[in-house]
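One structure is given here, and the rest of the page talks about it.
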Amino acid sequence: MVNAGDMNGSGNLMDFLDEPFPDVGTYEDFHTIDWLREKSRDTDRHRKITSKSKESIWEFIKSLLDAWSGWVVMLLIGLLAGTLAGVIDLAVDWMTDLKEGVCLSAFWYSHEQCCWTSNETTFDDRDKCPQWQKWSELLVNQSEGASAYILNYFLYIMWALCFAFLAVSLVRVFAPYACGSGIPEIKTILSGFIIRGYLGKWTLLIKTVTLVLVVSSGLSLGKEGPLVHVACCCGNFFSSLFSKYSKNEGKRREVLSAAAAAGVSVAFGAPIGGVLFSLEEVSYYFPLKTLWRSFFAALVAAFTLRSINPFGNSRLVLFYVEYHTPWYMAELFPFILLGVFGGLWGTLFIRCNIAWCRRRKTTRLGKYPVLEVIVITAITAIIAYPNPYTRRSTSELISELFNDCGALESSQLCDYINDPNMTRPVDDIPDRPAGPGVYSAMWQLALALVFKIVITIFTFGMKIPSGLFIPSMAVGAMAGRMVGIGVEQLAYHHHDWIVFRNWCRPGADCVTPGLYAMVGAAACLGGVTRMTVSLVVIMFELTGGLEYIVPLMAAAVTSKWVADAFGKEGIYEAHIHLNGYPFLDVKDEFTHRTLATDVMRPRRGEAPLSVLTQDSMTVEDVETLIKETDYNGFPVVVSKDSERLIGFAQRRELILAIKNARQRQDGVVSNSIVYFTEDPPELPPNSPHPLKLRRILNLSPFTVTDHTPMETVVDIFRKLGLRQCLVTRSGRLLGIITKKDVLRHMAQMANQDPESIMFN
């Protein structure tokens, strides 16, 4: 028998707490993390640091640095995310205007900046200045006429195609993960899934550059969703600099939750909305500590963006509005109607977009991503140019739709017939009959609305960075503005109706069409994403319209109710299911009466469960088991006869432990006995050195009995973030339930294809 002294020596080599070897505790790509284990490891690390801090001043300083590292990471994320957002905003402004012309005094100026610096600009013609020239003026010295229009039209399309081609090529060659909005994948990553490279440095760089290109190309997409991905890439980069986060996947996800909040903070200039968005929409595990840190990261990011001042209006937001009239109770009816429209639009968009994306994945269309982007860009540019409301950037369009018509507004939407005897102050202009410009704008808006609805379905999901917030808001804002003008004209011409009599007297400023645009934007965004609380907060931070919370709430709740009546999934959950990511949504309810024994493997007629025994298998037996199966781990039992459960060993750690033992321990060979007990088994003389692997054994795996209701099992998987759970009866191992088994079972119960869950 091998003596105990030798055994202790060899056992210490495998003692992971004393001497961990590289890669233990890490996970393979497309695998789920073990939240309980990560939490336990962090608790052990914290306990160790606390006990050491009492030993010396240096250790005490190190413990303080460790405690402050979280706040330092948040500060760095906020600074970088705010800077990148500011640079993206400035670059998008310049490149969007580049499609129409160039500034002669400084080519890097956008149209607005060019005319700001000019001394020859008048207020009435503030968009015209000698320094800014359209391409037709520059190339053929003509600003009017058919030839000038055709040349500008042609160059607009060429610039759009050039930007889009460059973007899709960069994504395809350097960072395939930089496409899409990134929010479905970030939700999945935050739920504990590993997608290596998705938050890498290349993805950060390429997504930032291509985001500028695709938004400038005029495609029907926004930069807000991708900015959340960009901020999470910043979070991943900075967390890798601190071992507290780089060596613990659970702690890293706390940083990523805060980074998502910073992303929304700079995307909309809405720091509080960002924190709520992270809490309501993307985060899976959100402790109170993460709430404070998210708040700090969002604050720093918003402060940084404000310092850069990309919109030149000394404000964080592009859509700041000032309405001069309150809303009235009677207006709640059209607001709720806009909520119904938002819910119906959300349902239509999700169904059509998912059908198109599924077609892209299952047919030859998916093999030609560059061609698809070029074709959609060409169609968008050709149809968008003739209509002034689709030619300009979507952000500018929304800004104009939100605006109230003041005395100095030159927009077509403000072409009302004025009363020559009007002697009211500038801010309080009464309701007036619509002029020809308003009627013409209504037609153009109706055509733009149909175009936006159709083209956004085909644009979202292409192999380029594409956000959904701004196109959804544009659809709602166009519908809302048209409803607002309709209500305004109705109130003007029929102020004696009982609906208007109490609050809309002749000569009063009763209805604000811009408010309807704002409510419509919130309704459509809510219908697509199913956000409620964070949506309302983002909208009032985005516009400064604090007084109009009730209309926004009414529209957001209505749109969610209407959309939920047709299906519970928002666009991000639908894309998660389409891609087969193993995401257990906290919002889903499981109401079926099945038991753990119905879901566990092995099922009746299948091969018995692959297990390890505590002290009777050789290294070769373990290696053969690993080679012949692709399971992520193996239950350890006393013996194959008794099947009494001891613990659970992860596949990756078994491989690493055996590989490391062969390199570092003398006498470990293929027929060495592997044991998971404290004391070595009794072995015949001259037996090779046994291998002690107790340190990699999880002695407290989560177990349920075979009669546990699946409703409870699903709840346990959700709330504890389990990878797997063992099924026992009276201490005897019966089977195993993995996260994938739970998702498959839920899909089966919902009459969906269980094989759509692709990853482990």
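If you go along the chain as it appears here, the first residue is 1 and each next one adds 1.
Any Cβ shown, glycine's included, is placed from N, Cα and C.
TrEMBL does not curate its annotations; it predicts them automatically.
Just so it is clear, the model here is predicted, and its values are computed rather than measured.
Sequence-distant neighbours of the transmembrane segment (68-92) (same chain, 6+ residues past either end, Cβ-Cβ under 8 Å): 208, 211-212, 215-216, 223, 227, 230-231, 234-235, 238-239, 241-242, 244-245, 255, 258-259, 262-263, 265-267, 289, 293, 296-305, 307-311, 393. Taken from TrEMBL, the feature transmembrane segment applies to 68-92 (among others).
According to TrEMBL, the transmembrane segment annotation covers 153-175 (among others).
Sequence annotations record features per position, and here TrEMBL assigns transmembrane segment to 195-215 (among others). Residues 29-30, 84, 87-88, 91-92, 95-96, 163-164, 166-167, 170-171, 174-175, 177-178, 182, 185, 188-189, 221-223, 226-227, 229-230, 232-237, 256, 393, 464-466 of the same chain, all 6+ positions outside the transmembrane segment (195-215), place their C-beta atoms under 8 angstroms from a C-beta of that stretch.
Annotation source TrEMBL lists transmembrane segment at 227-243 (among others). Below 8 angstroms of C-beta separation, residues 69, 72-73, 76-77, 80-81, 84-85, 88, 181-183, 185-186, 189, 199-201, 203-204, 207-208, 211, 251-252, 255-256, 258-260, 262-264, 266-267, 282, 301, 465, 467 of the same chain, each at least six residues beyond the ends of the transmembrane segment (227-243), sit close to that stretch.
According to TrEMBL, the feature transmembrane segment maps to 255-279 (among others). Distant neighbours of the transmembrane segment (255-279): 70, 73-74, 77-78, 81-82, 84-86, 186, 189-190, 199, 223-225, 227-232, 234-236, 238-239, 245, 285-286, 290-291, 293-302, 304-305, 315-318, 469, 531, 533-534, 537-538, 541-542; these residues of the same chain sit at least 6 beyond its ends, with a Cβ under 8 Å from one of its Cβ atoms.
Same-chain residues lying 6+ beyond the ends of the transmembrane segment (332-356) with a Cβ under 8 Å from its Cβ atoms: 453, 456-458, 460-461, 472, 475-476, 479-480, 483-484, 487, 516, 519-520, 522-530, 551, 554-567, 569-571, 574-575, 578. The annotation transmembrane segment is assigned in TrEMBL to 332-356 (among others).
Marked as transmembrane segment by TrEMBL: 368-385 (among others).
Long-range neighbours of the transmembrane segment (441-461) within the same chain, counting only residues 6 or more positions beyond its ends whose Cβ lies under 8 Å from a Cβ of the stretch, are 180-181, 219-221, 345, 348-349, 352-353, 356-357, 360, 376, 379-380, 383-384, 387-390, 397, 411-413, 415, 468, 471-472, 474-475, 478-479, 481-482, 485, 571, 575. Taken from TrEMBL, the feature transmembrane segment applies to 441-461 (among others).
The annotation transmembrane segment is assigned in TrEMBL to 468-487 (among others).
Packing against the transmembrane segment (515-540) from elsewhere in the chain are residues 264, 268, 270, 272-274, 276-277, 279-281, 321, 323, 327, 334-335, 338-339, 341-347, 349-350, 398, 401-402, 468-469, 472-481, 483-484, 487, 546, 548-549, 551-553, 555-560, 562-564, 569-572: each is 6 or more residues past its ends and has a CB under 8 Å from a CB in it. Taken from TrEMBL, the feature transmembrane segment applies to 515-540 (among others).
If you take every residue in the domain 'CBS' (600-664) and average the pLDDT, you get 88. Marked as domain 'CBS' by TrEMBL: 600-664 (among others).
Per TrEMBL, the feature domain 'CBS' maps to 697-755 (among others).
Remote same-chain partners of the transmembrane segment (368-385), defined as residues 6 or more beyond its termini with a Cβ less than 8 Å from a stretch Cβ, comprise 153, 156-157, 160-161, 164-165, 167-169, 172, 217-220, 360, 391, 451, 455, 458-459, 462-464. Note on the domain 'CBS' (697-755): DSSP counts are 24 helix, 19 strand, 16 coil. Secondary structure of the domain 'CBS' (600-664) per DSSP, as helix, strand and coil residue counts: 24 helix, 17 strand, 24 coil.
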